[in-house]
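**Q** The structure follows.
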Amino acid sequence: MAFLALGINHKTASVDVRERVAFTPEQLVDALQQLCRLTASREAAILSTCNRSELYIEQDQLSAEAVLQWLADYHRLSLDELRASAYIHEEHDAVRHMMRVASGLDSLVLGEPQILGQMKSAYAVAREAGTVGPLLGRLFQATFSAAKQVRTDTAIGENPVSVAFAAVSLARQIFSDLGRSQALLIGAGETITLVARHLHEQGVRRIVVANRTLERASLLAEQFGAHAVLLADIPQELAHSDIVISSTASQLPILGKGAVESALKQRRHKPIFMVDIAVPRDIEPEVGELDDVYLYTVDDLHEVVAENLKSRQGAAQAAEELVSVGAEDFMVRLRELAAVDVLRAYRQQSERLRDEELQKAQRLLANGGNPEDVLAQLARGLTNKLLHAPSVQLKKLSAEGRLDALAMAQELFALNEGSTDKSLQ
């Protein structure tokens, strides 16, 4: 059994690379099954967010290169291009990495809580695909426990900040009074829900939620007294929007330069602040070339969240220690599991020998044998049979000069020095 964590994130890859390596929700089940089939991976899960795409894998023997090649082929990248941005963690490091990610220690915004929910979703999809078994399943459960402990026992989650909050903070810097601004939110997922909540709390004058399905947009809009529209209505809403924040799972851009240009003319070139949180991007990069548009992507939010890092660094150190302990505890339990099959086989063998000797004793008693003699013979016979195989192997190891194995046997049988049983001679 061997664990592997492999991928790219906001620290190693630009948004351009990340959007090319992203998985859509519709791709995940098939991708997982293909990954296991083509890379000799027994278990696998995929975490794909706007800031990272990671594969979590359990293999009999580690084959990171095969997995990296599969990822490059799947997304039609050259292996060299992917390798330039990829990181690979194996065994203990892979376990620790997963726990750090789930705890928000590897996030763009240190300690952000959304990543844990995204990790749980990745686990659920892998279960649906049938690519999670007992080992990776145990690792996910240990990861969730570690993240929960970090959240409970440290201040990593205090002063909650997320990419959504960072986007709203940036809007507040550009528009000093959000109470006079109108916002258009594109999408209706978790990130846009957080954006809507923060804008609502800041007293933004009007919020419009645009989504592929009106039902989903309406459910979100009702929570914050907003208006729901379809994606097709975006061009006419743009003309009234001071703030546009987008986060969908679309594979193609939703907003192009022409639509924004037209809206600016209607606004008499009153500026529009835009944040594209999506990967792949929802807003064409060329939109940023327009004079009256302030377009930011997730990569541009680094400076906004920098202040948040300062307040959480102390808590992060304590969280790192908890994660290290959690990773080590998991590896200890995993190593203990390696002995389970051996112990099971040894117990079955011992019980078979016991049953054989017990049947002999029962026959002797049925034939009128003396109970004391029968019991003594039972004990003697069982002892000899249980010691036979270890005795043969120990003599062989001794003849080969394997003193290390003899010392291990002494520890295994909990023998004190000089207390060697004559029955082993």
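Glycine residues also receive a Cβ, built from the backbone N, Cα and C atoms like all the rest.
It should be emphasised that the depicted structure is a prediction, and the values quoted were computed from it without experimental measurement.
According to Swiss-Prot, the record shows the following:
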type     : residues                                                           : note
BINDING  : Thr49, Cys50, Asn51, Arg52, Ser107, Glu112, Pro113, Gln114, Gln118 : substrate binding site
ACT_SITE : Cys50                                                              : active site, nucleophile
SITE     : His97                                                              : site 'Important for activity'
BINDING  : Gly187, Ala188, Gly189, Glu190, Thr191, Ile192                     : NADP(+) binding site
**Q** Same-chain residues six or more away whose CB lies under 8 A from the CB of Gly187 (NADP(+) binding site)?
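**A** When sequence neighbours closer than 6 are ignored, Gly187 (NADP(+) binding site) has Ala210, Asn211, Ser246, Ser247, Thr248, Ala278, Asp282 within Cβ distance under 8 Å.
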**Q** Using a 10 angstroms cut-off on Cβ to Cβ distances, just flag whichever of Ser107, Gln118 is the loneliest among these binding-site residues.
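**A** Among the binding-site residues Ser107, Gln118, the lowest count of other Cβ atoms within 10 Å belongs to Gln118.
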**Q** Which three-state DSSP class does Glu190 (NADP(+) binding site) fall into?
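**A** Looking at the DSSP assignment, Glu190 (NADP(+) binding site) belongs to a helix.
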**Q** Determine, to the nearest whole angstrom, how far the Cα atom of Gln118 (substrate binding site) is from the Cα atom of Ile192 (NADP(+) binding site).
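**A** Checking the Cα atoms of Gln118 (substrate binding site) and Ile192 (NADP(+) binding site) gives a distance of 15 Å.
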**Q** If you take the centroid of the Cβ atoms of Gly187, Ala188, Gly189, Glu190, Thr191, Ile192, the listed NADP(+) site, which other residues of that chain have their Cβ within 8 Å of it?
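**A** Residues close to the NADP(+) site, other than Gly187, Ala188, Gly189, Glu190, Thr191, Ile192: Leu185, Thr193, Leu194, Val195, Leu220, Ser247, Thr248.
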**Q** Rounded to a whole angstrom, what is the C-alpha distance between Pro113 (substrate binding site) and Thr191 (NADP(+) binding site)?
**A** 11
**Q** For Ala188 (NADP(+) binding site), list the number of other Cβ atoms lying within 10 Å of its Cβ atom.
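**A** Within a 10 Å radius of the Cβ of Ala188 (NADP(+) binding site) lie 25 other Cβ atoms.
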**Q** Which one, from the binding-site residues Pro113, Gly189, has the smallest tally of other C-beta atoms lying within 10 Å of its C-beta?
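**A** Counting other Cβ atoms within 10 Å of each of the binding-site residues Pro113, Gly189, the minimum falls on Gly189.
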**Q** Using DSSP with the three-state reduction, classify Gln118 (substrate binding site) as helix, strand or coil.
**A** helix
**Q** List, in sequence order, the residues of the same chain other than Thr49, Cys50, Asn51, Arg52, Ser107, Glu112, Pro113, Gln114, Gln118 whose Cβ lies within 8 Å of the centroid of the Cβ atoms of the recorded substrate site.
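**A** Sorted by sequence, the hits are Gly104, Leu108, Ile115, Val163.
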**Q** What does the structure give for the C-alpha distance between Ser107 (substrate binding site) and Cys50 (active site, nucleophile)? Integer Å is fine.
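**A** If we compare the Cα positions of Ser107 (substrate binding site) and Cys50 (active site, nucleophile), the gap is 11 Å.
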**Q** Other than its own, how many Cβ atoms are within 10 Å of the Cβ belonging to Thr49 (substrate binding site)?
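**A** Excluding its own Cβ, the number within 10 Å is 25.
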